[in-house]
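The block underneath contains the structure these notes are about, expressed in structure tokens.
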Amino acid sequence: MFDLSAYALRFLEYLVLMVLFGVPLFGWYGLRRPALADALAGWPFMGVLLVSAAVGLVLTGADVVFKTAGIMGMPIADVDRESLGWYLLETSAGRAAMARSVLLIAMAFLLGWHRRRGTVESAFPLAATLAGGALASLAWNGHAAAGEGMAGAVRLAAGLVHLLAAGGWVAAVLMFLGMLLQGKEASRNDRLRSTHDFLHGFSTLGTIFVAALIVSGIAHYGDLTAWSLPTLVQSTYGNLLLVKLALFGGMLGLGALHRWALVPRLGRALTSGNPAQEVRALRQSLAAEAILATSIVGVVSVLGTLSPM
């Protein structure tokens, strides 16, 4: 029960912080381009971010309690102030959790201040920076920060890049899906045209995310497994890593399908005036990609608890 709960907690923490980072990054990218702003009109950015920051803070606190109980070998109900203090001050994961909490609290205050002033867009750059720091701190929850010397620095850098690129990509998939679901009843309006333009314009940034994931993933997981093929096929960690790679390959395939087939087809259908079928196909494909993305987050939640060798 404890292990299952711990995995679920890690999954939620990763997913919430990825969304918390990706949404303001995505909003900043879109709202700086007037032609794309209509696709984001009416989105409850502030509400999503405030709720995500609050949930992230609660999950961080729960993670601290779970980790302390696990290290101390005690029931969760027996965790006291002294043991929590030791974990927070004496372990790198505990110090990362404190930094994460500070960043999330600062983000909540920032969002609240901008909400009172009615200036949502101006909050995005700093909100993305704070959330990116909170997401990056999760590197200390797994193997990324466990190395030493130059090799350890490379592993940590690769882990940080991997987390941030994954956060941007996962949030983009979820938001694109939300845009198409929002336009379900109005498939011929200007918002759908803006959504198409957004999807088309995102291809460059999406390519950057994918390239960062591939390069950082090779550096990070290659170092963890000592570049050993037998490790991949003979250990639980390696088998799960292969599952993750298969899921990632599926996301790459769907991303290529969107860029080279479904999005251009939607553009042509918008010109002809009957895009319902193309919208449906793209919506279904994005839903499949979202399922693959959340599945990868689930696999990563388990990978960080296993020995790579």
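Just so you know, glycine gets a Cβ as well, placed from its N, Cα and C.
Annotated in TrEMBL:
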- 198-303: domain 'Copper resistance protein D' (DOMAIN)
- 12-31: transmembrane segment (TRANSMEM)
- 43-66: transmembrane segment (TRANSMEM)
- 86-111: transmembrane segment (TRANSMEM)
- 123-140: transmembrane segment (TRANSMEM)
- 160-181: transmembrane segment (TRANSMEM)
- 202-221: transmembrane segment (TRANSMEM)
- 241-262: transmembrane segment (TRANSMEM)
- 286-306: transmembrane segment (TRANSMEM)
With pairs fewer than 6 apart in sequence excluded, do the transmembrane segment (286-306) and the transmembrane segment (160-181) have three or more C-beta pairs that lie under 8 Å?
yes
Taking contact to mean three or more C-beta pairs under 8 angstroms, with sequence separation of 6 or more, is the transmembrane segment (12-31) in contact with the transmembrane segment (123-140)?
yes
What does the DSSP secondary structure composition of the domain 'Copper resistance protein D' (198-303) look like, as residue counts for helix, strand and coil?
97 helix, 0 strand, 9 coil
Model confidence over the domain 'Copper resistance protein D' (198-303), averaged pLDDT:
91
